[in-house]
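This report concerns only the one structure given below.
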Amino acid sequence: MTPPNILIYLLRRDLRLEDNPIFHAAATDAAKTYTHLLPVYAFPAQQIEVSGFIPEDSEEKSPYPEARSSIGKFWRCGPHRAKFIAESVWELKETLGNVGSGLEVRVGMLSDVLKDLLAGFKFNGKGVNIAAVWMTAEEGVEEKLDEKDCKTICDAAGVDFKLWKDEKYFVDDDDVPLKDISELPDVFTTYRKLVEPLLNAPRALLPTPAKGTLPPLPPMSIIPPQSPPFVIPNSYEDLESSLLSPVSQSPLPTFPLRPSSMPPSPTLHGGSQAAQSRLLHLLESGAITTYKDTRNDLMGADYSVRLSSYLSQGCITARQIHNSLVSFESGDSNLPSCASTPGFGKGETDGTSAVRYELLWRDYMRLCTRKYDALLFSIGGFRRDFSQPWTTPSTDPASSAALARFLNGTTGTGLIDASQRELAHTGYTSSRARQNVANFLAKHLELDWRLGAEWYEYALEDYDVSSCWGNWQYVAGVGNDPRGDGRSFNPIKQSWDYDPKGEYCRAWIVELGGVGEDNGGLELSPGECFQAWTMAKERQVCLGIQGLEWVRTPLKPIEFTVERKQKGARRADAVDGQGYRGGRGAGRGAPMAQHRGRGGGYPGGGAYSAGGAPYGGGGPYGGGPVYGGGGGYGGGGPYGGGYITYNTRGDWNPRGNEPPRGPSLRGRGGNGGRWGRGGYGPRIRGPAEGHPNGAVADAGVDGQSTTA
Ligand SMILES: Cc1cc2nc3c(=O)[nH]c(=O)nc-3n(C[C@H](O)[C@H](O)[C@H](O)COP(=O)(O)OP(=O)(O)OC[C@H]3O[C@@H](n4cnc5c(N)ncnc54)[C@H](O)[C@@H]3O)c2cc1C
């Protein structure tokens, strides 16, 4: 018998059989010389903690450092996503088994896994030849490094290596009209115009390999086993527990209480079949038809598509979604269950068009990563703006308490806390909530935005390197937002706009729940849900929340009353620097220091000044426990002299490449930074009068619904 000639396919985020260029090629290539196909998925040790794959009775330790983030030291993949990936991998293994193939699961650095496989095949004495190693190209520093390492290993072994184009995006790379990635516009709208009309932009789907068309797996007897100390489980249950055991203990100081009845949300199971079911449900239920109106909601089962986790792991492609939309729009008879759904057969609707538009954002974020490479992880972002007054617990101990409360969902700002608690419990939070949370961390708490991105990397089920870090940059004002640093949300105004009855806050902040039942019939106003500190003391006592830290000392009390809310102010609110407080930059320095709690509170004239009373004169917010203590931004002090230690990835350091930072990032002699210069006034567009109540402007931009 001729010895096997094996093609190895290293899967990463292309966990599907359908619309998959490599499986398609392997099934249809008439000229192929390989006799067997070995699909392999390796849980990447630098991104997912793999020590749980070492048997308990083993004395060996993992050869890899813990898969933790570099600044916050969070696990890089938390339990929600780990489970989702495990489900997706297992489903693909079964799907491939059903068509006469299979999937080998491994753990470790991809390069180690490949090296071990090649060596194992070479030295097993069966005369096996490796015809080639194929994998799909991805963006991201680590991902590129893996590709490079795999190529080097193949070159050294004399094995052909091929990197395939990643085809899971909306617009095919070959159809993006750019000669070079450096030409990618830094404004999404400009990019969108290059590829419109979106209805015609995606390429056709690739056919799914039928049963028996893929080359068979090599005989199990010749496939090299996983290298010790790791052992690959034989059942899904064991796979899941190996992945979850190291990361299941929450890094939160206090894990948020779970609502007794969980708010409505789809239960997502990993894998491409579940992705297709979800898509069909969206079409049948009419959720796609109403999508444009619901997409910014905060709560419910179908207000947004909830396909991001599937897209992130490649369980579904953007063009598969597009293709289903086209079938729906054309009234395809293959969708009989949609026959009575509004919009069916009516061509492109606002809803279907809005989904395409959002999917293009994902393409764009990924192209930005290609363009800017390691700047994705730089504190200065794509803009290389190192002027922001951000702190981290390592440089400012006071910020440690603020960060802990942010993570816990106990800041005292309802929208932020509800979102953080939802995230902790489910691995998901809406796009609108994400924007507010990111804005709150970077602009209101002035914490290093990368802590937030790292937290999302840990907590999100749908984490995607480009979408996560690109959006955090965008909201923090150092990414590809045309307004740059000039955009900020008032989370209270946002709450009134998107959670007008306070239901979202009540649903996740358990301490506010049960209202009207257990609390003497006490009904909370939405404003009380948004900021419990505004509640009268006796009402706090009634609810039993009067002693809670987030009620007593909110991190960021924001004065905002619905009566004073500007009419029709749901979208863009301010113009050309006329100032949000009428202060117009009058603060010049002092407000900054006092904002940080040097004792004076929020005196008149600065960014938070116009209303005066609540923040003035050393009131309740000066000298607070979190921001108290001074030092901080004034006079050089701890932040002077430019530190260059950001963005190392600990022992891994895969994303390093932080550009050198100028001196004196923080120590500009206490000129007050952003707040002291009159807040956001000079750079924000909106009505000349400015926001009547808001400490900070709400924002919306030129039809970019990530922020509008
Ligand atoms: C701070 C921040 C962090 C984010 N991190 C991630 C992340 O790690 N992974 C991720 O997939 N998305 C991320 N997003 C984008 C967006 O919030 C999610 O894609 C969306 O909420 C997922 O829910 P959905 O599938 O119901 O999408 P919908 O809101 O219904 O949108 C449809 C699809 O369009 C794409 N999309 C929509 N908005 C964006 C956007 N701003 N950027 C990129 N793609 C977009 C997604 O693929 C999404 O599934 C982030 C946004 C912010 C503001």
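Think of each number as a place in line: the chain as shown, counted from 1.
Placement of Cβ uses the backbone N, Cα and C atoms for every residue, glycine included.
In TrEMBL this protein carries:
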type: DOMAIN; residues: 5-169; note: domain 'Photolyase/cryptochrome alpha/beta'
type: COMPBIAS; residues: 243-252; note: compositional bias 'Low complexity'
type: REGION; residues: 243-274; note: region 'Disordered'
type: COMPBIAS; residues: 253-266; note: compositional bias 'Pro residues'
type: BINDING; residues: TYR291, SER304, VAL305, ARG306, LEU307, SER308, ASP462, TYR463, ASP464; note: FAD binding site
type: REGION; residues: 569-594; note: region 'Disordered'
type: COMPBIAS; residues: 579-588; note: compositional bias 'Gly residues'
type: REGION; residues: 650-708; note: region 'Disordered'
type: COMPBIAS; residues: 667-681; note: compositional bias 'Gly residues'
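Close contacts with ligand 1, defined as a Cβ under 6 Å from any of its atoms, occur at VAL305, ASP462, ASP464 among the binding-site residues TYR291, VAL305, ASP462, ASP464. Here the compositional bias 'Low complexity' (243-252) has, by DSSP, the following mix of helix, strand and coil residues: 5 helix, 0 strand, 5 coil. Residues 15-18, 43, 48-49, 51-52, 74-75, 77-79, 82-92, 95, 299-302, 306, 309-310, 313, 315-316, 404, 407-410, 420-422, 424-426, 428, 458, 461, 504, 507-508, 510-511, 513 of the same chain lie 6 or more positions beyond the ends of the region 'Disordered' (243-274) yet place their CB under 8 Å from a CB of it. Its Cβ placed at the centre, ASP462 (FAD binding site) has 21 other Cβ atoms within 10 Å. Residues TYR291, SER304, VAL305, ARG306, LEU307, SER308, ASP462, TYR463, ASP464 are recorded as binding FAD; their most distant pair of Cα atoms lies 23 Å apart. If you draw a 10 Å sphere around the CB of LEU307 (FAD binding site), it holds 22 other CB atoms from the protein chains shown. Summarising model confidence by region, the domain 'Photolyase/cryptochrome alpha/beta' (5-169) averages a pLDDT of 97. The C-beta environment of TYR291 (FAD binding site), restricted to residues of the same chain at least 6 apart in sequence and closer than 8 Å, consists of SER304, VAL305, ASP350, GLY351, THR352, ALA354, VAL355. Taking Cβ-Cβ distances under 8 Å and a sequence gap of 6 or more within the same chain, the neighbours of ASP464 (FAD binding site) are SER308, LEU311, SER312, ARG362, MET365.
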